[in-house]
Structures are given as C-alpha cells and as structure tokens.
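Trainee: What follows is a structure written as structure tokens; I'll ask about it next.
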Amino acid sequence: MAAANFGKIQIGIYVEIKRSDGRIHQAMVTSLNEDNESVTVEWIENGDTKGKEIDLESIFSLNPDLAPDEDIEPSPETQPLPAPSAKVNKIVKGRRTVAPVKNDTPARDNRVASSARARPTQLPEQSSSSQQNGTVSGISPVQAAKKEFGPPSRRKSNCVKEVEKLQEKREKRRLQQQELREKRAQDVDATNPNYEIMCMIRDFRGNLDYRPLTTADPIDEHRICVCVRKRPLNRKETLMKDLDVITIPSKDVVMVHEPKQKVDLTRYLENQTFRFDYAFDETAPNEMVYRFTARPLVETIFERGMATCFAYGQTGSGKTHTMGGDFSGKNQDCSKGIYALAARDVFLMLKKPNYKKLELQVYATFFEIYSGKVFDLLNRKTKLRVLEDGKQQVQVVGLQEREVKCVEDVLKLIEIGNSCRTSGQTSANAHSSRSHAVFQIILRRKGKLHGKFSLIDLAGNERGADTSSADRQTRLEGAEINKSLLALKECIRALGRNKPHTPFRASKLTQVLRDSFIGENSRTCMIATISPGMASCENTLNTLRYANRVKELTIDPSAAGDIRPIIHHTPSQIDDLDTQWGVGSSPQRDDLKLLCEQNEEEVSPQLFTFHEAVSQMVEMEEQVVEDHRTVFQESIRWLEDEKALLEMTEEVDYDVDSYATQLEAILDQKIDILTELRDKVKSFRAALQEEEQASKQINPKRPRAV
C-alpha cells in the first residue's frame, strides 16, 4: 500500500518543484522514499547537478495530476494521465546541439493540454460511474461522472487555487516566449550561409535561464582574479554576416558554440562551458568591468602591496579599449579606461584620514616591451636596459617617473604614451598593438617605494603562433609574446601556491614585473577579452583555455588532482636538463628550461630550441650594440690623442721616439678593441643563422600556441 501513496509518480519523470527562493521549475525524480513518504529529485543549474528531498504533499500541490485516487480503486477502463514532458535548462560542458526539430512546439502544447485535465479529486467519481453504468459510447468518464453526480462536493483549497494561478501564468509566459521566438525566426536572414548554425544557437539560447552580472552583485576578494569580457560584433563582422557564437548566461559562466561537421556532412554545435570569477557580456561598460576587477586592488598598494592587472586576448578583442578607454574612430577617450579609473580612485584614497597622514607622493611610468626590448613611452621611446642588482632587485635603468598631482596629469601621460606605442595593421584590426604596454602607478613615502599598481595591456596572443614566419621581425615578435605568456602563467602559478621560486627571468615581461609576483601582499587580476564572431572561434577558445588554466591554479592543490605541481630541481636534475635540452646554464636559461619543461604539452623540444636561440641572439645583440657604443666613444678620444701627436710633429725638434711610442700604443689599443668587436659581430651573425635554422625545425603539428 505504501507504493500506492506515490500515485502516478515514477522514477525518471519530470515534476514541478518549488525552490526556497520561490522559483518554480521542473526536476527529474530519481528515487521514491517509502519510509518518510518523500521523493528525491535532481536538476541541472548553471552546469552543476543539484538535488533535494521533497515530501509528497508538496509534490502533489504543484502536480495535482500525479496525485493518487482517493478511497475507490480505479477501474481498468480509467486511463492514467500521461506524465508531462519538459525540457530542463542546462549548461553542460561538451553538450552537442543537432539541427532543430520542427515539431517541438506541438509536443509542448500536448503537455499543456494534459496538465489542464480534470482534477485528481474527481477521479473516484469517474471510477464509480464506470463501474455502475459501464462505458458510454462517445462520453468520457469525467462527463459521465458529472452527469451522474453533478458538480463535485469538495471545494478547491487555497493552495490548489494558488497553484492553478501559477500554472496559468506559466503557460501564458511560455506562449509569449514562443511568440517571441517565432517573431525572431521571421527576422532571421535565411540567405546567411550559416543559417542552420544560427537557428541551432538561437534554439539553444531559448532554453537558458539568463542571470547576467549586475552592479548589485557582491564583490568577492581574490588574490588571483580571472574574468572574461565579451565585446559586441563590430561593423566588419556584421557586414560579413558573422555569427555571435558566445553566450554568457550568468555572472560567471561563458559558453562557446563551436560549429562542427560530421562525416556525413551533418552540422552540429559543440557547446563548451567555462567558469570564471566574473563574466561580462557585450553590454557591460568599462566602469562595471573596473568595479569587479581592478578597483578591489587599489587599496592593496596603500597597504604596502603590489597589484597587477592584465588585459589578455587576441588582436581586436578589446584589450586596449578596456585598459585605455573607449574608441571613436582612431580617437580614444582615455578618461573611461581602467588606467584613468584606477588613478581616480588612488587620488580619492589619498584624501582618507588614515592615508593622508602618510604624506604619500604619486608617480607614474609608461613603457612598452617589444621583441624583448624595453622602451620608455614618456621619453620619446628611449631604449632602456633591464638589470638585476646585487640584492636581486630588477632595475629598469633610465626609466622616467613623472610625478602626478591629479587625474588630468595621468590622462596627459596616457595620451603621450599611446601616441607612440608600437602598432601595425593586421587582418583583425587596422590599428593593432604589437607590444606589451605597462602603465604603473607608484606610491612613494619620503622617496622610498610604498606600493605599486601595474596595469598591462598585453600584445595579441595569436601573434605567439608566428614563430615559423619567413620574416625575422615577425618571428621575434611571436617568440617573445609566446614566451612571455608562458612565463606569465607560471609566475601566477607560483604566486597562487606561495612557492619559493618564481621563473620571472624566463621573459622580459615577467622580469620587469618581478616584484608583482614576490611577497605575501601581492594580488593579480586577469581580464581575458574575447571576440564573439564565429571566424574568431579558435582564438577565442585558446584565450578561454589559457584563462581557465590560470584560474585552475588558484584552487586548493588537494582538490586539483590533474594539476601538476611546481617542480623544484636539484643541481643534478639541472644537469640532466642540460643534457636533454642541449644548452648551457645561466639564470635566464635555467628559468626558460624549467618553464618549457612544465609546459611540455605546449612546447616541443624544437620550439624550446628556437626560444633559446632567440634569447641568445637578443643577449648577443645587446652586447654588440653596447660594445659598438663603447668603441665609438673611444674613437673620439683616439682622435683627440692623434690630433695632439700630429700637432707635436709640427714642432722643429719634436721627440721622434715619444711620437712613435704613443702612436704604436694607440694603434695597439685600436686593434685589440676593434678585433674583439669584430669577433662578437661574427658570433652575432652566427646566432642569427642559428635562429633562422631553428625556426625551420619547428614541428608544424606542435600544440596550439597559448
């Protein structure tokens, strides 16, 4: 008899349930609990499977057509009510969506009709009528019951009335949504070559429960924060009828609808889901992005900390727009970028009583890193040298720090720096940044460093794949970007796990930002910007995978079974690496070797050899240029000495022995210095040849570039 209490509830059917927050949606019955007369249900929400145990009374109040018959056993002629069919809103990683089924709407209408049948309290009357009078041809059991007994004697309870009202509202809402979908379908351009994919994406989105991020959502504290920002389709993509394949249904979920094709040429969608700290859709302005990302880091620098904010993504995905400000044609409104918004909050915090008494001074620097070289954007792109002193502190020699008193001073510096930043035209963007731009806000107290906020607009990550280009300059650009992004990931790994060693020497970018990854009071935020177009799908997935790996590094190591820990090597292991990779040892090369070994899936031995050849070539280039500058300065002194010797020969009784001795000394010095310079130039030319040969040995089937 206990099983009869469950009525028509069976394992596997979908029932309406009410959540603690008042929401009503459908869930699947997974078990029937006879001991306490309850059922266990499960549903999928935001990619996670959730479940709860609900008593039968609550189930029957929302699903009256599933309630058991009262007192009188149903006759064999009484047909059971069909279980309602429904769809469940899902966000499932790797879900496939095949071409849309055209008869979806009638199925839904049938379910609506079945739920509107007679109330379960009338079922005993139907059964009794059938037993006494038999089945009347053309008259349903419900009609026969009404004819025999008249209207039911039981009155509807308030709960049932409320449920019926909710059901009526739900059906009206579904009809409105169906009408809206049909209207959108009429607006779709059927001439679009990707019309089928467009319909699949539209139908998939129609079943999602959208809850985007709003300014009312709380701001969580993260030592490492990773978020994603989607930009809208631009004019070029719209004219080419490109499709928007990115969906952001909630505040922390990003979905990519990747078009695929089967062997039989059937097209389908591979829906891939990623989760981050925050996800911003195309409607989110810069102010909202700043509020959840860089703004929580401002207070860190007032507490003697180091804060870093990166903008990462492919060319044209909106990095410079996010960091520098809104674009109107080629003109940029710097007042709406994260640079200026962070500066505004810095000056506001300076006025707080607890910080005002510190008498802090604010300075700003702006430089770029291009092909492994550092240039000062506030000093006519003067080339700078990056050195490490005896205290293992990295110094950028010659970098200008400008004192700023207000936000307007910061805006002027940003405009000066942006005007001379290295850029070029690419297929993705007519004004593409090809360098890492680093804007730093520095707090000093009595001349000593108090805190530093580094805001970095990274170069396009797709340039990291250009390591096999025929053009050397493009190869160097790609190699430096590829290496710096790998090093950046490993430095964030070390920061998130509080590891003692950080491979910051592996690239110029991480070397300059060394103090941002060292120390307990360091915080980092990464804003991954993505393009929504189907043509950019591969680069978008690479960006999301990179950002996802960075975020995975911040979780508890005990819960991260598939994440490889930081590998610390003994001197003997370093020697083994030397044998494996075939290179010598230096702090820079050791970090590069460890970096490549920890990313074996992305860096093949041939690619590592190329990176090592590029690093060696860049080092030799700096030495040759520095020695050439020294020879030039010595040449000026030699000219003065030789001029004095020639003037001495004009005298009648000059000392011939002294003249010959001094001239020989000058010539010997010239020969020694010039010979040394010539040998270095020969070695440099050999390094250029090695770099070119190494670029040709890179396996074209190597793993994708980050």
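Sequential numbering from 1, following the chain as shown.
Glycine too: its Cβ is placed from the backbone N, Cα and C atoms.
Quick paste from Swiss-Prot:
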type	residues	note
REGION	64-187	region 'Disordered'
COMPBIAS	123-140	compositional bias 'Polar residues'
COILED	154-187	coiled coil
COMPBIAS	159-187	compositional bias 'Basic and acidic residues'
DOMAIN	223-553	domain 'Kinesin motor'
BINDING	GLY313, GLN314, THR315, GLY316, SER317, GLY318, LYS319, THR320	ATP binding site
COILED	662-699	coiled coil
Trainee: For THR320 (ATP binding site), list the number of other Cβ atoms lying within 10 Å of its Cβ atom.
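Mentor: For THR320 (ATP binding site), the 10 Å Cβ neighbour count is 24.
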Trainee: Just to be sure I understand the packing, how many Cβ atoms besides its own are within 10 Å of the Cβ of SER317 (ATP binding site)?
Mentor: 28
Trainee: Using the structure shown, find which entry in GLY313, GLY316, GLY318 (the binding-site residues) has the sparsest Cβ neighbourhood within 10 Å.
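Mentor: Taking GLY313, GLY316, GLY318 as the binding-site residues, the minimal 10 Å Cβ count falls on GLY318.
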Trainee: Once the DSSP letters are reduced so that anything not helix or strand counts as coil, what is GLY313 (ATP binding site)?
Mentor: strand
Trainee: I'd like the Cβ neighbour count for THR315 (ATP binding site), meaning other Cβ atoms within 10 Å of its Cβ, all protein chains included.
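Mentor: There are 23 such Cβ atoms around THR315 (ATP binding site).
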Trainee: Across all chains shown, how many C-beta atoms besides its own are within 10 angstroms of the C-beta of GLN314 (ATP binding site)?
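Mentor: A 10 Å sphere around the Cβ of GLN314 (ATP binding site) contains 25 other Cβ atoms.
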Trainee: What number of additional C-beta atoms lies within 10 angstroms of the C-beta atom of LYS319 (ATP binding site)?
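Mentor: Excluding its own Cβ, LYS319 (ATP binding site) sees 27 Cβ atoms within 10 Å.
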